[in-house]
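A.B. asks: If you scroll down you'll find the structure; I have some questions about it.
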Amino acid sequence: MQSQRERPREDRVHEETRGADHAHPSVPHAAAAASATATETATRTMSLHAGGVVVVDGKEKGKKEEGEGKRKGKAPATAEAVRGRARLRGEQLRQLHEIFLRFDLDGDGSLTKLELAALLRSLGLRPAAGDEIHALIAAIDADGNGTVEFDELASSLADLILGPCRPSVAVDQAELAEAFRAFDRDGNGFISAAELARSMARMGHPICYAELTDMMREADTDGDGLISFEEFTAIMAKSALDFLGLAAL
């Protein structure tokens, strides 16, 4: 049997993405677990807006001592990347670093195309087309070595979600529709407070009345007491920022 180190990197990325979905929501502003089914992703996001989010396991997988895992001849972080990293507050930087380590499976301090795509999926995002991940890496990869280091990710992630690169990243509408139907138990096109509470409990995330009230207030932007698909989509689209605590940047 092949060891973890011997197995192909791509196989381990897929396995890591599949297996990281069993954490329980608890600590506010913690990192999202790796991507799973659309309904589970939606449940995590709705739980976030109740004041708790899914926590990636506490182990900083792949972490090495300072100086280890550096590629020979690897370019130092650019001044722009260092400035971008400085924009993040300490807790934000810690959370982002946990996510980075989770997907840097061989611990070499950088993300490949496949690892970056898996990280984006863990935040509820996906490349709009397969070849556009190359454009995302090019936009983030300040030193041009073909991979993404942590300083580059810290510098670029807010712009990736909010700025000029946004057309390259999209919330998966088909998966959102599937998740919405799981909450909309009577199929009338809206999620009521009762449906939301029952769905959260059924999916293993029971919520109290105060949490339910907060969730409805956050999602129900028109104040009609129901969550429409458009409102559901909006709350999901902002989840990546909230997971990382970047919304205030």
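The backbone N, Cα and C atoms fix where each Cβ goes, glycine too.
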A.B. asks: Do you know which of GLU178, GLU195 Swiss-Prot groups with ASP184, ASP186, ASN188 in the Ca(2+) 3 site?
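C.D. replies: Same Ca(2+) 3 site in Swiss-Prot: GLU195.
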A.B. asks: To which of GLU211, GLU231 does Swiss-Prot also attribute binding of Ca(2+) 4 at the site defined by ASP220, ASP222, ASP224?
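C.D. replies: The candidate from GLU211, GLU231 that Swiss-Prot ties to Ca(2+) 4 along with ASP220, ASP222, ASP224 is GLU231.
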A.B. asks: Would you mind splitting the domain 'EF-hand 1' (91-126) into helix, strand and coil residue counts from DSSP?
C.D. replies: 23 helix, 3 strand, 10 coil
A.B. asks: State the mean pLDDT for the domain 'EF-hand 4' (207-242).
C.D. replies: 84
A.B. asks: In whole Å, note down how far the CA of ASN188 (Ca(2+) 3 binding site) lies from the CA of ASP220 (Ca(2+) 4 binding site).
C.D. replies: 16
A.B. asks: In whole Å, how far does the CA atom of GLU152 (Ca(2+) 2 binding site) lie from that of ASP104 (Ca(2+) 1 binding site)?
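C.D. replies: That comes out at 14 Å between the alpha carbons.
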A.B. asks: ASP106 (Ca(2+) 1 binding site) has how many other Cβ neighbours within 10 Å of its own Cβ?
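C.D. replies: So the number of other Cβ atoms within 10 Å of ASP106 (Ca(2+) 1 binding site) is 15.
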A.B. asks: From the DSSP assignment alone, can you count helix, strand and coil residues within the domain 'EF-hand 4' (207-242)?
C.D. replies: 24 helix, 2 strand, 10 coil
